[in-house]
Amino acid sequence: MKTLFFATTNENKINEVKNILDMPNLNLVVPKNFNIKETGTTFKENSLLKAKALFAILNKNQNVFGEDSGLCIEALNLEPGIYSKRYDTYKLCKKLSTNEKNQLILDLMKNEKNRKAYFICNISYISKDRQILNFEGIIKGEIALSLNDDKNYGFGYDSIFLTKNNKKLSDLTLEEKNKISHRGIAFSKFKKFLLKSLFNN
């Protein structure tokens with residue numbers, strides 16, 4: 001059994017990552033009350049900030065990784081971007097529910113013809129011997145015209161993101177989503193690396 005520490009407290013991300021990695025011999029450990037300010041200007045910088053913070057907390061003696069992801073919309077100058085999680089406070093200086101944040105995006109995109117957008121996921125890994133590696137995944141699509149009120153799956157902006165198959169991410173099961181999503185792509189790359197390195201020793 002190998003142990004790997006994940007610098008997050010986001011339950012939705014944890015569930016997706018466990019499903020994608022699907023490694024019975026991997027003990028994925030999530031720290032309690034882990035909180036760090038995302039001061040980076042890119043997804044890569046933020047994922048590395050998280051990984052470095054957890055690496056330090058664990059006395060630089062464990063394999064760790066951080067992840068940062070978000071939605072980038074062409075017509076909004078690639079916003080919400082790195083502010084995806086906190087776009088409500090960034091844009092309106094107040095907290096909104098998930099549906100309200102989605103509606104905020106739709107309102108900003110009202111009458112906008114260019115609806116191209118993409119989700120990006122960036123992973124930063126730090127090994128016990130201080131090796132730093134980065135993995136990234138992107139899924140391109142469009143912003144829908146309306147909210148998916150009867151969504152069955154997903155979280156965050158999934159209910160307003162249309163894939164190339166004209167399906168919203170929130171219409172897909174977790175398994176279906178993880179085959180094509182930004183997180184699925186990035187963590188599939190990460191899994192290949194882990195199988196070759198961590199589980200080959």
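Just so it is clear, glycine is given a Cβ too, placed from its N, Cα and C backbone atoms.
The annotation in Swiss-Prot ties Thr8, Thr9, Asn10, Glu11, Asn12, Lys13, Phe155, Gly156, Tyr157, Asp158, Lys177, His182, Arg183 to substrate, and of the candidates under consideration, Ser69, Ser97, the one tied to the same site is Ser69.
Asn10 (substrate binding site) falls outside any helix or strand according to DSSP and counts as coil. For Asn10 (substrate binding site), the Cβ neighbour count at a 10 Å cut-off comes to 17, with all displayed protein chains included. Taking only the Cα positions, the spacing between Asp158 (substrate binding site) and Asp68 (Mg(2+) binding site) is 16 angstrom.
The two recorded residues, His182 (substrate binding site) and Asp68 (Mg(2+) binding site), show a Cα separation of 11 Å.
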